[in-house]
Amino acid sequence: MSCWEVIADYGLRSLGIGERLLPRDDFTLCKQVVLIGSGMIWNIYFGALALVTGFFLATAVALGKAARNPVARKLSTWFIFVFRGSPLFIQFFFAYFAFLSLKGVSPIFDPFTAAWLGALIVLFLNTAAYSGEIFYGALQAIPRGDLEAADAYGFTGWARFRRITWPTLLRLAWPAYTNEAIFLFHATTLVYFSGFPAWRQKGDALYYANYFADKTFNPFVPYPILAGYFILLTLVIIGIFGLVNRRLNRHLPQAARGKIRFRPNLLR
Amino acid sequence: MFSYCADPETLDGLTWLSCYLTTGKHMAFYGAFGTVLLLLAITAPTALAFGFGGASAARSSLAPLRWVGKAYISIVRGVPDIAFFLFFVIALDQGFEWLRHQALCPGWDQPVRQGNDFVVCQAAKLPLSSAPQWIHEVYGFFLAVLTFAIVFGAFAANVLYGAMRAVPRAQLETAEAYGMSQRQCFWRILVPQMWVYALPGLSNLWMVLIKATPLLFLLGVEDIVYWARELGGTKTPQFTDYPHGDWRMWYFLALLVFYLAFTRVSELVLERIMARLNHGQATSGGDAQRTTA
């Protein structure tokens, strides 16, 4: 069985396309690389969607936390506290069992117990809380002069936010936000270890790496493969976010532009 | 637990709940919170020691030692940590058994890896198959602690390395001018002075460490997550005196609240420590204290 056949059989296995059974014997390097790579589809799916949707909620939460209205402020503060103060792992478990209980109430909740929706919602809320805190910090750090200049030019309300506050907020928050995006992609590996079942063995990269480690009793091959994929993914994220960073800072003199550096990564 | 719990059939309401929450299995569940705290109590200093070693190695003047330190700091980053947890538990276990195998069974001529099996001689097994159950549990916990210490040690090394570089150069030069040796400079000036720069990073790390403790469950230790799943599942009258539906959601809600309270308390304590360390330092935090006082 050549490696091309393996790619045809297992390349999209994590989506349920191709071979039905996972390899049982003869765990070649090619099979491990292809199947773990196939699992990366789910990591990218969870990470990308949660990041894009979470971005908007995060902006709202940051503005809420800085708002004068006490209700909005309390709500945002508590939202951030709950999701940043507890482990993502426990959040996954709680959400899964909560959705399972709701399933008994109404069949509408059926898809929520599947990872593709249920876990996505948890990741969305989680990243919104973490990024919300980052954006809130940036909002507090906007130079007073910028806002005074906006007032002097007669900017008010939405135009002031859209033209002055928001771009500056993003510019200041961007390095930290890049880090958050990298965390988020790393956090997606928790999904299939925290209650959400991998239906028909359609799992993410770590799920397959763990499968191979269990079968071959040799952790020294699948986990480094997984590590390689994630380092690659991290570099891609840094590349994309670096481009955005360049655009956000394009009005600044060359020397003042902050470069995004690869900073220490911690799990949550 | 209580005397009126003798016949659970007759109980209802709060008395039922009080009996239910004090069964032997629930006591084991409460004990598991102790396991988590024990893990934190052992891991935090161990990881700090690993981190200190890594950071000192990374700024050593000996090139090979420096490479080892820098490699240690950077290798555990960039990859999901949970992958390291799953990896190290098997890798450490096999590493220990292989070392014992080399030492205890020199006459063994077969390869250790045979296809999909990892084979060492009987005497090298860890723990020995004849060992009592508690040894197996302690060994599992020990592996978990070591794994946590290695992973978090790398993070701590990164923080301490940054802190060591943040100590103002002038302070070290003053020490040198007073005739202190390299070693004296390190222990008498650099180490005491670096903590104020390290604390923000270390307190962040402590929060992350707290939030990483549920991963013990993945390492095969019977921790709070294990018990919450076990106790919360649907119980039928055939198997228990206290039948109930699927309560796992409520058990995990309790865990969520436990962690929220824990991180909140830690935050408050760390704020006080920071205020104390800032006292008299030439940093903005220290200046703020001076102007308000």
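Positions of Cβ are set from backbone N, Cα and C atoms, glycine also.
So that you can see what the record holds, here are the features copied from TrEMBL:
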DOMAIN    B:33-270  domain 'ABC transmembrane type-1'
TRANSMEM  B:27-50  transmembrane segment
TRANSMEM  B:71-92  transmembrane segment
TRANSMEM  B:138-164  transmembrane segment
TRANSMEM  B:185-209  transmembrane segment
TRANSMEM  B:249-270  transmembrane segment
Quiz prompt | Proximity verdict for the transmembrane segment (B:185-209) and the transmembrane segment (B:27-50), three or more C-beta pairs under 8 Å | solution = yes
Quiz prompt | Considering the transmembrane segment (B:138-164), which listed stretch of B:27-50, B:71-92, B:249-270 counts the most C-beta pairs under 8 Å | solution = B:71-92
Quiz item: Are there residues at least 6 beyond the ends of the transmembrane segment (B:71-92) whose Cβ is under 8 Å from a Cβ of it, and what are they?
Solution: 54-55, 57-58, 143-144, 146-148, 150-151, 153-155, 157-158, 161, 212, 215, 218-220
